[in-house]
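**Student:** Below: one structure in structure tokens.
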């Protein structure tokens with residue numbers, strides 16, 4: 001698959017830098033490449049020069065009157081064109097040093113962005129920053145009735161599970177699993193545990209080691225389990241090979257009817273672990289259906305949680321303070337009064353600090 005390589009080079013010059021001098025000084029570099037020039041001039045807004053090559057590559061040179069100079073180049077992502085672009089950028093950078101006469105305040109050359117490649121390496125963080133992962137292979141890519149399921153291989157993080165474009169868990173992310181289980185502070189031996197979601201098998205694998213009485217995991221998507229038991233074995237071990245074990249069972253069902261059924265039956269758990277979804281980024285809880293789903297899960301979970309039990313869940317990126325505050329407000333609106341604590345954890349593949357919550361019912365007077 002042919003991909004496009006987008007390279008950038010930025011200069012911040014002193015306010016007295018002359019745009020016309022810079023434009024004329026750089027023209028010869030592009031002309032040497034056989035590129036066709038087109039220049040647009042605005043009296044108060046500087047210059048825009050476009051250079052087009054016969055091989056389909058092109059460059060935009062934008063010179064602002066306050067000293068900002070931006071160069072954007074697009075080319076095919078091939079070795080030959082990549083070397084040509086690097087050479088061109090080097091020449092522009094050297095020429096700019098000559099033209100600016102030491103008035104350059106800042107030079108910024110970012111790694112090129114490859115667009116439209118066979119492997120997508122770019123995934124935004126929860127707070128909207130762009131991250132390029134060191135993905136070198138698509139391990140698994142299938143559409144289930146519920147979502148797109150990708151497992152991609154990272155040189156640093158191992159295989160990464162990505163659900164509908166959202167980075168879920170990598171083989172490196174034991175820190176996530178430990179945090180959503182209480183960070184090693186809980187005694188699971190002889191306890192009844194309910195896991196909501198968790199199709200990667202990480203939580204189930206770790207809890208089974210702690211000799212619980214019974215773990216019930218409710219996962220709606222069989223295809224997530226199928227992909228993870230084959231390609232995420234460093235995370236799940238062999239617990240997903242069978243849907244039933246000595247101390248666990250996996251139900252392939254929607255968790256909401258299951259929670260309602262358990263609540264009606266009066267069934268209770270020592271621990272409920274919600275691994276379904278992060279706190280929504282939206283700050284309109286009355287309008288966003290994800291918030292409605294989250295509130296429903298919270299209320300139903302409290303109904304099946306023992307009075308002295310604990311509810312664990314992920315929050316979101318530590319920078320999303322407004323969304324996290326809204327989540328904490330929702331905790332105050334449940335059918336029963338609760339208290340909570342939170343912990344900030346570094347999950348390797350997330351490349352951002354992540355908040356985890358522990359919720360418990362207030363003691364009865």
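Cβ atoms here come from the backbone N, Cα and C positions, even for glycine.
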**Student:** Since Swiss-Prot lists 200, 350, 352 for spermidine, which candidate among 176, 248, 311 does it give for that site as well?
**Tutor:** 176
**Student:** Measure from the Cα of residue 275 (active site, proton acceptor) to the Cα of every one of the recorded positions 2, 147, 200, 352, then give the nearest.
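**Tutor:** Closest candidate to residue 275 (active site, proton acceptor), judged by Cα separation, is 200.
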**Student:** Say we define neighbours as other CB atoms within 10 Å of the CB. Which of the binding-site residues 176, 350 has the fewest?
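**Tutor:** Minimum Cβ neighbour count within 10 Å, taken over the binding-site residues 176, 350, occurs at 350.
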**Student:** Please tell me which one of the recorded positions listed here (57, 176, 200, 350) sits closest to residue 147 (S-adenosyl 3-(methylsulfanyl)propylamine binding site), measuring Cα to Cα?
**Tutor:** 200
**Student:** Would you mind checking how many other C-beta atoms are within 10 angstroms of the C-beta on residue 57 (phosphoserine)?
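**Tutor:** Taking every protein chain into account, the count is 21.
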**Student:** Based on DSSP, name the secondary structure state of residue 57 (phosphoserine): helix, strand or coil.
**Tutor:** coil
